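Read the structure below first, then the notes.
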Amino acid sequence: TFILPTFSEYTFLHNLGIFARVWIPDPEEVWKSAELLKDYKPGDKVLLLHLEEGKDLEYRLDPKTKELPHLRNPDILVGENDLTALSYLHEPAVLHNLRVRFIDSKLIYTYCGIVLVAINPYEQLPIYGEDIINAYSGQNMGDMDPHIFAVAEEAYKQMARDERNQSIIVSGESGAGKTVSAKYAMRYFATVSGSASEANVEEKVLASNPIMESIGNAKTTRNDNSSRFGKYIEIGFDKRYRIIGANMRTYLLEKSRVVFQAEEERNYHIFYQLCASAQLPEFKMLRLGNANSFHYTKQGGSPVIEGVDDAKEMVHTRQACTLLGISESYQMGIFRILAGILHLGNVGFTSRDSDSCTIPPKHEPLSIFCDLMGVDYEEMCHWLCHRKLATATETYIKPISKLQATNARDALAKHIYAKLFNWIVDHVNQALHSAIKQHSFIGVLDIYGFETFEINSFEQFCINYANEKLQQQFNMHVFKLEQEEYMKEQIPWTLIDFYDNQPCINLIESKLGILDLLDEECKVSMIFLGSLDGQIDASRSEGKWPRLSNKAFIINILLTSKEVEYQCEGFLEKNKDTVFEEQIKVLKSSKVTIDRLILISRPGQMAKEHKKTVGHQFRNSLHLLMETLNATTPHYVRCIKPNDFKFPFTFDEKRAVQQLRACGVLETIRISAAGFPSRWTYQEFFSRYRVLMKQKDVLGDRKQTCKNVLEKLILDKDKYQFGKTKIFFRAGQVAYLEKLRADKLRAACIRIQKTIRGWLLRKKYLRMRKAAITVQRYVRGYQARCYAKFLRRTKAAIIIQKYWRMYVVRRRYKIKRAATIVLQSYLRGYLARNRYRKILREHKAVIIQKWVRGWLARIHYKRSIHAIIYLQCCFRRMMAKRELKKLKIEARSVERYKKLHIGMENKIMQLQRKVDEQNKDYKCLMEKLTSLEGTYNSETEKLRSDLERLQLSEEEAKVATGRVLSLQEEIAKLRKDLEQTRSEKKTIEERADRYKQETEQVGINVHISIYSLHKINGLSSFLGSYEETKQLELDLNDERLRYQNLLNEFSRLEERYDDLKEEMTLMVRQELESENKKLKNELNELRKALSEKSAPEVTAPGAPAYRVLMEQLTSVSEELDVRKEEVLILRSQLVSQKELNEDGELWLVYEGLKQANRLLESQLQSQKRSHENEAEALRGEIQSLKEENNRQQQLLAQNLQLPPEARIEASLQHEITRLTNENLDLMEQLEKQDKTVRKLKKQLKVFAKKIGELEGQIIDEPIRPVNIPRKEKDFQGMLEYKKEDEQKLVKNLILELKPRGVAVNLIPGLPAYILFMCVRHADYLNDDQKVRSLLTSTINSIKKVLKKRGDDFETVSFWLSNTCRFLHCLKQYSGEEGFMKHNTSRQNEHCLTNFDLAEYRQVLSDLAIQIYQQLVRVLENILQPMIVSGMLEHETIQGVSGVKPTGLRKRTSSIADEGTYTLDSILRQLNSFHSVMCQHGMDPELIKQVVKQMFYIVGAITLNNLLLRKDMCSWSKGMQIRYNVSQLEEWLRDKNLMNSGAKETLEPLIQAAQLLQVKKKTDDDAEAICSMCNALTTAQIVKVLNLYTPVNEFEERVSVSFIRTIQMRLRDRKDSPQLLMDAKHIFPVTFPFNPSSLALETIQIPASLGLGFISRV
């Protein structure tokens, strides 16, 4: 007996009335729907019914039981998510509800209390994607539509919340989808747990499926892929509830199938896969053939499965083995054993007599078996025909009969296969094992359901025994939950009797039960049937004997009320599972190591196993499983196979009812129906049935109100119970209340219709009367207007005649007058032209006379002048000749010559002495020159050798730098990728500008065409251009999104680069240190060589060679010092390596290393060039000395050849020319100085004049006292700080800054302005190191702040706005013309002058993108808990949505309780977000993008939940959604954000709400829906129509034909097949340039920031 509430079933059926709908049994359809044509009265034996087919039927009641037919539920309850929500709980209601959901709504999952019923659709459905997983993650089980993910989420949540292990029990027939359901549950755990290795575990677990199916599945008469074993997979989790591993346990492998198959059945798939792959080269050694050539594979007569390629399946099996770590050698060992089993089955025996048999000599099957297994042929042949009997004293070897030998052969084959199966399972568990300690687990049990065949043997007995145990555990769990619910609600209990399957279990497993009798029979030679006779007689109710057989027994399955007959033949053999130890020993001696490892058990294990029978082992494993399940919280999934032909969405009622009876679903219904299945909270009851109450019945206390109303509505108090928070109803009471509610609403509707129709008719009469009066008025007016028109026409005709006559006369006069005027004009013109020609002729004659007379006068004057000049020339020539004669006479006189050459002899003597001295100096110089040439040659040779040595060291240094460059290639690749992305971005921006221009031009053309063409043509062209523009914008957004994805990929590559950096820096440091040591050694050797081998005169100080060598040595030492500094720099960089960030600093280190290498190369090149220049200079000096020497020698030689007088004259002439050249040079310099003096004098005069004028003005003006104001300091908008204060600046301004205080008290973007002013000062100082360090520290610090407080919206918003402002400042003051358009002249003076920070602008832009994406994630985390409750569940318009009855799994109430979110909560949160962003000074365009993203999240999450919740798809809910969306649009208008694009993101949700509200009947409605829902995909439209559920009886369901019409109309639409929107999608963000009008010099730094160490400049 169990504790349950009392219940009197079907008392209300005696009140059956006309038109009541009922269910009647039917042999074909199981249950048929019918309608009463006559009221039922107690005592009636016949019911007059009308079937849905249109036929009338007389249904006779059973005279013994007098049971009435089951009542149908109201249509409003049909298709419920939970079967326990049905008002009438019985088998036909459950079957009909499942059929409607499966066929009409295409829903495969349904709750039945705590059980999830899953119907196999035999079709791939798009309901298992990652978006669906995300939608179910974190949701309560009753809040979403039924799904395997909901069960998995409930198990995962309870494991984390209750710290208790969970189990998911998946049961059902073969082919019902158990394995697929288990696979999706594991996929859910893998996705939700968030571990890095869970996917590998899931892949391995799923990879085990092909292996386990090949060795554990076979074709049966009911299923082509029937699982012939049970398995329990434990998925392990760590303390953070992440998947770490898995473990698999198997139960009751059907070993007998290896040696026997019934008609139309097959052996395990692996044997047929081997035979299909026998032609492969690696399988030649197995000597396999067709499956029909082996005894173990041909007994069923059906070796081929239609649509299955065994060869391809073999490839999948081998791939799965490789994935799980089974090597090729072990795989071949497995295949060798399987082939050996096949050959062993072909071993035949011949009888010698009745007690002995033999094997033919050289029997080929046995020979192949022995070769494959590596055992001795003779031994195996002997022990297959003999067995060893051991007594207390001696041992006998006894021959066995042919039948016994055949059984022993089959037992050996089963033993080998079982060992192989266990080895594979152990290996799979090893592959899934994890070294991490398991904290908790979720078990997934995939086990067979009840099996009943025509011939049921030992395997079916064990399977049904296991199901009886599981059913008992299920019943106890259901009663436990029911008991907890009733105790929680304080409902009174009574004791009732309940049928239990414990007697059936006792018959099987109790002491002296069937299993014990089997074990005893195996030990002693008893007659099993005789022993069983007494046990069955003791429990007649559970077991009995068949009438015509004494070789079988019958057990009654209480769950299905069905008797199952088991054939006893083979029970003992299958239970004993006897294998001769001699045959096992032969296998132990196998020469093949792999076979020995697989087949031979650990020492002592085999003996223990053989002592236990199969039944005993199965009972122990089943008890262990039950202990595991009892220690966990179970969750039940019952898989249903809708038909046996695997047709998609085809429902066979007979097969479905069989499975529902067997899997416990109807048992759950029966238990629920035995108590109070319908449960309402007081608030839900009040909201639903408020229409049944009068105003005076409504009290302030909802609970008391409900009690008062129920006492009036339902007189029998046993039909309901009042709990603590809920009202409990008996079966059928909710339907009764729904009927009362519908009647009340129907009466109200009739009254409303009456009033409305009267109002409409009266309105129509008034409209007609008003129309008649209007028509009369218009007719009379028309007649009056016609008479007035006649009068006006008569008057107009007279006026027209008058004016026409006047016009004719006036026209004739004008013609005559015009002709007269033309004649006069022509005559006067002729006379005037004649007069003009005469005057012109006279004027031109006068001009000709004037020019002729002038020409004659000029000719006469020129002739006179020429004659006068000729006379003057002749006279002057004569006078010059006379003067020349006088000068020639004077030049020939001697005295004059003497006067000119007085003192020339003394000068000649002095010059002679100078020439002698020069000759002596020349000889000395020649001697020195020869000695210098010798020393120079020797030193040159030494320097060349030293130079070659230095060049070798330089080459070694270049080799070292080459090694560094090889490591830098990957960095260069990354840099190229970055440059490529930048170039792509530039091209995208250019394309955007071009697209914008084209769009504007297209817009202008469209406007012109609108004014010039017809309205329709103009509208179509405008729409075309609009669509083109939209497409261009979409392309631009795609490019931006791709760039931002590339940015994320780049950050990932930078992390990879960070790993390579350590190796590179370590290698560079080692190589530089080794190179440093080499250079030091070479320097020391060079100094020693110079000090030892150099001659003193060559190396003496001041000598040229000594100077050259010393310069080279100093250059080498400088190079060594530079190398030392580089090593120190690298060491310091290695010390601060942890502080290097990913964006800039590491790149700067890399650039510094490159610059150091370039510096070394440049120094070596400069040393080489300086050495060559010095050598060239020495050669030039020597050449000039040689030329001077040659010239002197030539001059002396010429002087010596001349006579003494001529020699003196030549020397004098040479000296005179030299002095003349010097005088000319001095004269030029003197002229230049005179010119400068004259200029200075002129300037001095000008300045003197100006000073005089100023002095005069000052004297004239009176002297007044002047106040001298103190000049204010002119700030330049820069901030100065010391290098050592940089960390302090970053700490106070970024790391420790509180955004709230800054946003409220200071100007927006103040930190960005301060940082930029510091950058300006560093740029002013031309200190690139300071600029680089400050920018790098700023970026790193912002990242640290966001990493530390990245979940705070204010922090992320604050630094997003400041980062954008900093970026805008770098652009505004960059000096580029494109960014300086809006600057003032003062701001243009503040532009950066020394550095181009374009690369840092790109880094900051990427940082801003990352901050924006983090801001979106924070927004989503804050809004997500509010959206579903506020947008869908909360009733913004009270009373519109009706609350439907729910089942055991209660949904979140739509009534606003404390702590629940409403639409106002969402609007308040949006206001908070917007105010914070505005306070932080975020750019308006960026705020629009954030708002657009927020509205997209709201729309996507709302629509996704709508698509996954059947209870939300109704007309009233569509109205609620439309109202909520209108409130969001109103919020956009209040904030002036309608042009942000946020409204467009809600378009799919708006169209879904409209779809819920529009008519859905005719083809015109379908056409309207297709044109209206352009933002929804076809899958979404069909899903909404399938989920549409009427809340009231006045609404109609969407017909299947209408949905098919929609699908046909939308089949050509090309859209995504994805059902849900991507709620994680982030729109590509842009940062439009927004210059600041704030002057930098006016910014004041508040003392609260703690930045007293910086000063304004």
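Numbering starts at 1 and runs along the chain as displayed.
Cβ from N, Cα, C; glycine included.
TrEMBL does not curate its annotations; it predicts them automatically.
Small disclaimer: the values here were computed from a predicted structure and weren't measured.
Per TrEMBL, the listed range annotated as region 'Actin-binding' is 622-644 (candidates: 438-460, 622-644, 1105-1127). Listed in chain order, the extra residues whose Cβ falls within 8 Å of the Cβ center of the ATP site residues GLY172, GLU173, SER174, GLY175, ALA176, GLY177, LYS178, THR179 are ASN120, ASN223, SER227, GLY449, CYS639, LYS641. Counted within 10 Å of its Cβ, the other Cβ atoms near GLU173 (ATP binding site) come to 24, all protein chains included. Residues near GLY172 (ATP binding site) in space but far in sequence (CB under 8 A, at least 6 apart, same chain), listed by position: ALA118, LYS178, GLY449, ARG638, CYS639, ILE640, LYS641, GLN659, CYS663. According to DSSP, the domain 'Myosin N-terminal SH3-like' (17-69) comprises 0 helix, 24 strand, 29 coil.
Around GLY177 (ATP binding site), a 10 Å sphere centred on its CB holds 23 further CB atoms from the protein chains shown. Around the Cβ of ALA176 (ATP binding site), 23 further Cβ atoms fall within 10 Å across all displayed protein chains. All chains included, 21 other C-beta atoms sit within 10 angstroms of the C-beta of GLY175 (ATP binding site).
Averaged over the coiled coil (1029-1092), the predicted model has a pLDDT of 64.
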